[in-house]
Structures are given as structure tokens and as C-alpha cells.
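Data block below; observations after.
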Amino acid sequence: MGVPCIVMRLILVSALLVSVSLEHSDMVCAQTIRLTEETDKQALLEFKSQVSETSRVVLGSWNDSLPLCSWTGVKCGLKHRRVTGVDLGGLKLTGVVSPFVGNLSFLRSLNLADNFFHGAIPSEVGNLFRLQYLNMSNNLFGGVIPVVLSNCSSLSTLDLSSNHLEQGVPLEFGSLSKLVLLSLGRNNLTGKFPASLGNLTSLQMLDFIYNQIEGEIPGDIARLKQMIFFRIALNKFNGVFPPPIYNLSSLIFLSITGNSFSGTLRPDFGSLLPNLQILYMGINSFTGTIPETLSNISSLRQLDIPSNHLTGKIPLSFGRLQNLLLLGLNNNSLGNYSSGDLDFLGALTNCSQLQYLNVGFNKLGGQLPVFIANLSTQLTELSLGGNLISGSIPHGIGNLVSLQTLDLGENLLTGKLPPSLGELSELRKVLLYSNGLSGEIPSSLGNISGLTYLYLLNNSFEGSIPSSLGSCSYLLDLNLGTNKLNGSIPHELMELPSLVVLNVSFNLLVGPLRQDIGKLKFLLALDVSYNKLSGQIPQTLANCLSLEFLLLQGNSFVGPIPDIRGLTGLRFLDLSKNNLSGTIPEYMANFSKLQNLNLSLNNFDGAVPTEGVFRNTSAMSVFGNINLCGGIPSLQLQPCSVELPRRHSSVRKIITICVSAVMAALLLLCLCVVYLCWYKLRVKSVRANNNENDRSFSPVKSFYEKISYDELYKTTGGFSSSNLIGSGNFGAVFKGFLGSKNKAVAIKVLNLCKRGAAKSFIAECEALGGIRHRNLVKLVTICSSSDFEGNDFRALVYEFMPNGNLDMWLHPDEIEETGNPSRTLGLFARLNIAIDVASALVYLHTYCHNPIAHCDIKPSNILLDKDLTAHVSDFGLAQLLLKFDRDTFHIQFSSAGVRGTIGYAAPEYGMGGHPSIMGDVYSFGIVLLEIFTGKRPTNKLFVDGLTLHSFTKSALQKRQALDITDETILRGAYAQHFNMVECLTLVFRVGVSCSEESPVNRISMAEAISKLVSIRESFFRDEET
């Protein structure tokens, strides 16, 4: 055999081996294909097994009897029949996502949006290197975002929004070079904005809304030239308006609302971002003027910059924005209360597509122009409230046929309401409160069948309440209080099935409260106080089972209290200043939610119950009912006589009548003698001491003057410094003792040399004289006289609080009496005090006939009685909202006192903002944080922008509630009994929510007290019982 044969044989053998090898390879490939198809199937079945049985039914086709590629939501490739897409969006599936999903190696699209998946996102998803579309939004996923998702290098869409994901955005996401959409909004993400995202040059949409990401926006973002949608609203970003955003000239949608951006906006803003259609920048701290160049953005459709600190005029050039749909500039400082402030409204008549216009709560002045009637007929909301706009509402308002909300409240408007309002059939809210409007309420308002809110309170409307309002069948809140309305309450109002609030207080209404009041099944609050209503209180009130506030005081109701034992949700019940008679029902002691009960100045007789609300004299009042007996000892009522046996009852009755008649005659004779003596002394005193002050203070004197200067001088030792217990904005407070029982009192002497003190005196008398609440300090009497040198003298005499003020308890080391180790407050006591203060503020803000803003809530104005119950004091700063003296408004508000105390005063007060109940909310929030941290807002720790609010907020984000808590609390025993961290965290959150810088971001006092009471019930149930 030669070499050629050997070679030939080797070639033949090699060919055979190759043939065998190829055949084996084909077999292996076929087997591999079969295995991988089976792998996809098993992966999906494993996925199904992790879905709860109740929601698994929609995956019924996922079984061995049907081909894999025909399963619900499954898509396969045409060539290899491998699974390339899984779309289970919106199927409401519950469970966890199986890690076997990572075995779907050909998967290009995975949609699990709008389900209820929970747990962590499996890291195995990072194995899907072909994945282009991943949507897991609107689920319940928690934990961190898996860094391995950055391995999915083909991703163009990544949507993990609306979950509970935590920690930061992975820096590695900067390597996803094909990413077009990145949506991580509505999670709990923290940390900084990754600069690496500047590498995503294909990115067009970025959404980080509603997280807790902080810091500044990195300059690298300027490289995202294709960006058209950029939303980082409701985070914690700070610094000036992000400079790199000015380079994103392709932007169509920009939202940075609800952060802490500050500084001014560039004048060329509109030239740099010429393609914007939607611009949201509200709830930040921007200052300066609105850039005129915004009007160069011809495509602009929505411009919303509320709740900042913008000043200057609203540009007339906005009239060039032909596509404008929405303009929101409310809660700034735009305008200067001058006549030209509203000129922009004329320019906006050119914006024919305008649907929403809100410039409320600025500094706009001038007359309401008639050309507002020429605004777009597509306008659905017109809000100009909270300014100083004068003039009248033009008849042409009826041209705005699409209007749903009309808010002109808290202005200086006068004149009559135009009947054309009734032509606006789409109206839902009419808010015209706190103006000087007069005339009759137009009956045409009854034509607005869909009306839900009608606020006409605090005007000068007269005439009767239109019966046509009974046609407004969707009315929820009807507030006509503090007007001059007369006649009776129309029975048509009792036919409103959805009415929740009915307030007709402080009018001149007559007649009975109608029996058909019981038809209002959903009524939460009924206030008919201070009218001239008569007759008996209808028994049908018992049918209003939702009632929480029933205010009938200041009328002429007669007869007994009806059986309303079914109204177990009552919180405030005031029947005072009527002619009611009979006994006080025992069942009222079972009203467990009742916070305030006032039965004073009636003709009730019999025994006062001793349980429930009747155990607390600060929560109820029965004075002025001379025939009452019994009750708890502190009421100091006569004891109830023991009932006599029946056989002697008639004789005893005759004896009782005779004796009573004789005693009454003697008493009357004595009273006449006393009165004549007093009258002679009174005339002599008036002639000797009273001068022109009689004219200024006569309404107050006639009701309050019960004590002389001489008495106060003696009881305070000549106003000696040894009896000085404090001082405030308008004077000093001394301790004294009055009456035969030497009752301790606190005497507040007003400093009349300080501007506003006399007005403070009148305001405080008016405020305290008309309200009663267990957490408000009680006014005992006043003195309006002259001192020994003939100078005017004004003093308020309060009930003395033996435990001083809250400031002494929170900061005992700063008081001279540092040796008192018992002056400490535990967690439960502090929470109770906070709830007491909140309760007083809710009452002032909501249940007085005019809302009252205290304007100086701070620990030294919170007094503690012997039981450590808190009482809010010092109404010297209180302004009765909605009743400002229009002529001297600016003078009154410019006084230093009304702006509150540094550290506790709301930020808007420092910028000329109106005194408001939301300012009290801020002050309460700061006090609440001080109560539990033990740190004053003026602590030297708070510098360089750090405040008690931001200090607490930062600690909450880091879950360090215990680290900022007052050590006195931590030394207590509570930590052994319950989760103190959770309790403190919840309390701090309430304080932070109340003390937000912008008023619109603060919760109401009603919401605050609800949260605090809920915390107490959750953690201190044993202590309460």
C-alpha cells in the first residue's frame, strides 16, 4: 500500500467521522430545542404556581392540554416557537413573581402591570439579555431595584412605577444605552439623582414623581438632547431651577412641582425651552417675577406655578398664548393691591381655549373688571379669592357657560349678586364668602341643579332664603351664616337628600325648626345658632343619625330636650341661651364622643347627671339654670331633695308653694334695695372716672365691667414683680386672689402705649365672651377703668392654672426652679396635651360663628391645670377672620404682634400673608415637634437652612425617630410596653405635615387631631381606660 492509498484511506475515515459527528450534532440540536421549549413551558407553569388560587383562574389555559403558544398572554417566535412575549397586564393577579421567569431566554417583552404582585423583583430577570420591554408598574413590589437589571442591555422601556420600592436608583442603569423610557415614579426611592443617567442619550421620557430623592439635578442631564418628558415632581430636590434643564430644548412636558427649588427663573426661560406644552413648577420657593418670555412658547397649553413666592405683575403678554388651557398662579405674592393688577384678565380674553384660571391668594387689588365676562366660554374654573378685589360681580358672568367653580371669596366685593349666575347650569361650587355683598340671594340659583357647594357666609345678604334652593338636589354644603337673612327656613331645604352641612347661623330667621328636618339623613352639621327661631326642638332630629355638630344656641326654643339618644356620634351640642325647660336627659351621659356640651342660660330643672361628659366641667356648662341641683361637686349646685312619700305629697306641695312665695317676695325686696344702692354708687363712679373711653368701650363695659382697678391693685400688691408670672406682646400677667374664697386668678394687664392694645382688648373680650371649650382658658371678668393717675386701664382676669405653662415643663433647665425633679412629662402626658391644644384650635377654626385664628400658638401660651389638661391662652393676637375692618386692614395687619413669635409664626406671615387658620396649623406643628423633641425652633442647632421641621423630616427618612426624641421621654417606662419607635414616628409625621412651608401642603387641624387621637387609641388603650 503506497502513500496515496494511506492518504485516501485517512480521507475516507475522516469523512466518515465527520458524517457521524454531524449526525450526532443534529441529534443533540434537536434534543436541545426540545429541552428549551419544555424549559419555557415549565418556567411559565412555575410562574402560575406562585399566583394565588383565587386569581389563577384567568390562567386556565396554562396547562399541558393546550399548545404553549396558545396560552393566555403568551406570544411565541415564528421560527423556533420560543416564548418571546408575556402580557398579563391588568389581570388583577395576586402573588409573587417566580424566579423561573429568568429561564425565558428568548423573552423580549414582559408586561405584569396593574396587578397585585408583591415581594421582591426576582434578580433572575437580569438574565433576560434579549428583553426590550419590561413593565411591572402598579403592583406591590418592595425591596430594592435589582442592580442586575442593567444586564438587560437591549431594554428600551423600563417601567417600575407605583410600587413600594426602596433605596436608590442604581447607578448601573447608566449603561442601558438603548433606554427610551425610564419610569420609577410613585415609590419610596431615596438618595441622589444618578449622574450616570446622563449617558442615556436615547432617553426621551424620565419619570421619578412622588419619591424621596434629594439633592440637586446633576449637570450630566444636559446631554439628554432627545428628552421630551421630564417629571421629578414631589421629591426633595433643592437648589435653583436645574440649569441643565435649560439645555433640553426638545422638552414638551416638564414637571418639578413639590420640591424645594428656590431662586429666580431666567428671563430667557421661554426662549430656551420653546417646545413646552405643559409646565408645572408649583409648591417650591421660587422668587422674583414671572419671565415675560414664557409668552414666546406658542405651544404652551398648561402653565401651573402656584404656591411659590413670585412677585410683580402677571404679564399681559400671556394673551398671546392662543393654545393656553390652564393658568395656575395662586398662592404667590403677585400684584401690589393696586388698580392695574387685574389688567392681565383683559389680555386673557384672547385665550379662547382657556379652561382653568386660578390667581387666588395673591396681592391683587383694583376693581373686578366687567370684561371677565369675555373670558373663554370653555372656562370651567375661575378663582380670584383671597385678594383685595373690589367692585361688583358683572351681569355678564352668565356668559361663562362652562363654569363649574366660581371662587371670589375673601375679597372686598359689594353690590348684589347678578341673577345671571343662575344661567350657569354647569356650576358645582359657588364660593363668595367674606365680601360685602348685599341684596337678596337670587332665586335663580335654584336653576343650578348640580350645585354642590354654596358659600355665601359673612356678607350682608338680606331677605328670605330662596325656596328654589330646594331644587339643587346634589347640594352637600349650604353655608349662609352671618348675613341679615329673615323669614323662616324654607321647608324645601329639608328635601335635599344629600345635604351634609347646613349653616344659617347669625341671621334674623324666625319661626320653628321644621319637623321635616329629620329627612336630612346624611346631615353632619346643623348650625342655626343666633337667630330668632322659636317653638320646640323637633323630635325628628333623632332621625339625623349622622349628626356630629348640633348648634341651636341663641334662639328662643322652648320645651324639653327631645329624645335624641340615637345621635351617638354627637361631638358638639350647644343648646345654650334659649328658653328650654324640663330635666337634663340621663342618656346624654352615654354620648361617648361628645367633646362639648353647653346647656347654659335656660330653664332646666332637676338633677344634673354625673357620668360621661358631665364629669368634666371644662367640657360642659349648665350655668344660668337656677333650678338645677346635684351634679359633680365642682358645679356647686344645691343638693337635690329626697322625694317625699306619696301620702304627704299634696300637703308638702302647699307648704313648699307658700314658703317659696314668701322667700321670693323677700328676695325681690332685697334685690331692689341692693340695686338702688349700687345704682347711686355707679352714677357717682361714672361721673368721676369715665371720659371719652365710655364711647369707645361702652359695649364692652356694659357687659363685662365687674371689678375695679383698686381691687386689682390690692390683690397684686400694687402689681408687684413678686406676683409677675409672665409677659406677652400686649402686656404683663400677674397672679392675684379674688372673692370671698380667695380664688386664684391670672390678671393680664394690657399695655395701652403699644399700638393695637385697645383693639386687642375688644377682640379678646368678643372672642372669649362668645365661646366656651374645655381647652380654652376661661375669662372670669375684666376691668375697664382708670388708674390712680387717671390713665386708661384695661385688664383681663383669667382662671389661674396652677401648673404654669407648657414651656416650663418642656425646658425645666431654663427655669430658676431647676431643683424640681417631678417637673417631667411622659409620652402619654405629652400626647394628651397635644390633643388638648389641637381640640381647642379645631373649635376656634371650625365651630365659632366666625373662624378665629389665634396667630401666636407657642408653649408659653399653653397653660396646664392641676390635672395637666392643656388650656390655650392669650387671645390678644386673635383676629376674627372674615370680619376685617376694610378701611384699616393694612394698619391692623402691619402690627408686630399679629405676626406671631419667631420660630412659631408661619413663613407666609413674614412675607405679608393674611392671618389665617393655616398659620395656626403651622405653629401647632412646630409646637408638636418641640413637645416630643424637647428642642425649641430657635435652638442654636438650627442654622444654615436647617429648621426643626427639616431636622425632624430628615430623621424620619433615616428612620431615626428615637435619636431626636426628648431624653426625658426615653427615660420613661413606656419602651418596655409597646413599640415606641412606631408611635413617635407617627406623631412626628403629624408635626411635619402641619409645619410644611406652603399652606396648601399642610393638613387641617381636624385631620391632625384625628391622627393624634388614633395614635393614642392604638398605643395607649390601657391608659385611657
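Think of each number as a place in line: the chain as shown, counted from 1.
Cβ coordinates come from backbone N, Cα and C, glycine included.
Here the structure is a predicted model, which means the values were calculated and not measured.
Summarising the annotation, Swiss-Prot assigns N-linked glycosylation site to Asn63, Asn135, Asn151, Asn188, Asn199, Asn247, Asn296, Asn336, Asn486, Asn503, Asn590, Asn616 (among others). The repeat 'LRR 3' annotation in Swiss-Prot covers 152-175. If you look up Swiss-Prot, you'll see 176-200 marked as repeat 'LRR 4'. The repeat 'LRR 8' feature in Swiss-Prot is assigned to 273-297. Among the features that Swiss-Prot reports, repeat 'LRR 9' is placed at 298-323. Annotated repeat 'LRR 10' per Swiss-Prot: 325-344, in sequence order. What Swiss-Prot lists as repeat 'LRR 11' is 351-374. The repeat 'LRR 17' annotation in Swiss-Prot covers 498-520. The phosphothreonine annotation in Swiss-Prot covers Thr716. Residues annotated as phosphotyrosine in Swiss-Prot, with similarity to another entry given as evidence: Tyr798, Tyr843, Tyr904.
Sequence features, as recorded in Swiss-Prot, placed on the structure.
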residue	record	CB count, 10 Å
Asn63	N-linked glycosylation site	10
Asn151	N-linked glycosylation site	18
Asn188	N-linked glycosylation site	14
Asn199	N-linked glycosylation site	18
Asn247	N-linked glycosylation site	18
Asn296	N-linked glycosylation site	17
Asn503	N-linked glycosylation site	22
Asn590	N-linked glycosylation site	14
Tyr798	phosphotyrosine	21
Tyr904	phosphotyrosine	27
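The average pLDDT computed over the repeat 'LRR 11' (351-374) stands at 94. Put simply, Tyr904 is the one of the recorded positions Asn63, Asn188, Asn486, Asn616, Tyr904 whose Cα lies nearest to the Cα of Asn336 (N-linked glycosylation site). Per DSSP, the repeat 'LRR 9' (298-323) is made up of 5 helix, 5 strand, 16 coil. Of the recorded residues, Asn188 (N-linked glycosylation site) and Asn135 (N-linked glycosylation site) place their C-alpha atoms 18 Å from one another. Across the range of the repeat 'LRR 8' (273-297), the DSSP-based residue counts are 5 helix, 7 strand, 13 coil. Its Cβ taken as reference, Asn486 (N-linked glycosylation site) is surrounded by 15 other Cβ atoms within 10 Å in the chains shown. Tertiary neighbourhood of the repeat 'LRR 10' (325-344): same-chain residues 282, 290, 301-316, 318-319, 351, 353-369, 383, 386-389, 911-912, 998-1000, selected by CB-CB distance under 8 Å and a gap of 6+ residues from either end. Neighbour count (other Cβ atoms within 10 Å of the Cβ, all protein chains): 22 for Tyr843 (phosphotyrosine). For the glycosylation sites Asn135, Asn616, the largest tally of other C-beta atoms within 10 A is found at Asn135. Per-site Cβ counts within 10 Å over the recorded positions Asn336, Thr716 peak at Thr716. Separation of the C-alpha atoms of Thr716 (phosphothreonine) and Tyr798 (phosphotyrosine): 14 Å, rounded to the nearest whole number. Checked against Tyr843 (phosphotyrosine) by C-alpha proximity, the glycosylation sites Asn135, Asn151, Asn199, Asn247, Asn590 yield Asn590 as the nearest. Nearest to Tyr798 (phosphotyrosine) in space, judged by Cα atoms and limited to the glycosylation sites Asn247, Asn503, Asn616, is Asn616.
Among the glycosylation sites listed here, namely Asn135, Asn151, Asn199, Asn296, Asn590, Asn135 has its C-alpha nearest to that of Asn63 (N-linked glycosylation site).
Among the recorded positions listed (Asn296, Asn486, Asn503, Asn590, Tyr904), Asn296 has its Cα nearest to the Cα of Asn151 (N-linked glycosylation site).
DSSP assigns Asn63 (N-linked glycosylation site) to coil, not to a helix or a strand. It is 59 Å from the Cα atom of Asn616 (N-linked glycosylation site) to that of Asn135 (N-linked glycosylation site). The recorded positions shown are Asn135, Asn199, Asn590, Tyr904; of these, the one with its CA atom nearest the CA of Asn296 (N-linked glycosylation site) is Asn199.
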